[in-house]
Amino acid sequence: MLNKELLDALNEQMNHEFYAAHAYMAMAAFCDDNSYEGFANFYIQQAKEERFHGKKIYDYINDRGEHALFTAIPAPKTEFSSILETFEDGLAQEQDVTHRFYNLSDLANKDKDYATISFLNWFLDEQVEEEAMFETHIDYLNRIGDDSNTLYLYEKELAARSFDESE
């Protein structure tokens, strides 16, 4: 059984993961609308990953004998000025998620809930990778600047990205 405060926070995070999936789909739509199919694919794969994270938390809540509670998902931002802005927003979103997992870890540590601490460590490791990935993309896009040929090649690279739940 989970402490109520921790359970509420896990439910909130589960819902936030599904919100993040919506936000990434909005970024994909912007990319598709502007004929950047490779970047759109990147965000579609990100959305799949966020849904996987939400489902992982859902499963954990149920495995602990608790009930997952779903809330309304707010509409994400849908207007962007550039591909770079989508990546900057993605990084900000991942940084927010990292802080949310830090707060969850603090609650689990306070309760000495070692099973939840172990569960959350996977997400903390994942967040290090996510933030680093977005930072790399932002750095690369800044270096590319207005070079449309290099942007085209970079987009083609991202078009091949796929999400694998086993990673």
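Just so you know, glycine gets a Cβ as well, placed from its N, Cα and C.
Bear in mind that the values here come from a model prediction, so they are computed numbers and not experimental data.
According to Swiss-Prot, the residue from Glu12, Glu17, Glu88 that belongs to the Fe cation 1 site alongside Glu50, His53 is Glu17.
With a 10 A radius on its CB, Glu94 (Fe cation 2 binding site) counts 21 other CB atoms from all the protein chains. In this structure, the C-alpha atom of Glu17 (Fe cation 1 binding site) lies 10 angstrom from that of Glu94 (Fe cation 2 binding site). According to DSSP, the secondary structure content of the domain 'Ferritin-like diiron' (2-145) in residues is 116 helix, 0 strand, 28 coil.
Cα to Cα, Glu50 (Fe cation 1 binding site) and Gln127 (Fe cation 2 binding site) are separated by 11 Å. Across the domain 'Ferritin-like diiron' (2-145), the model assigns an average pLDDT of 97.
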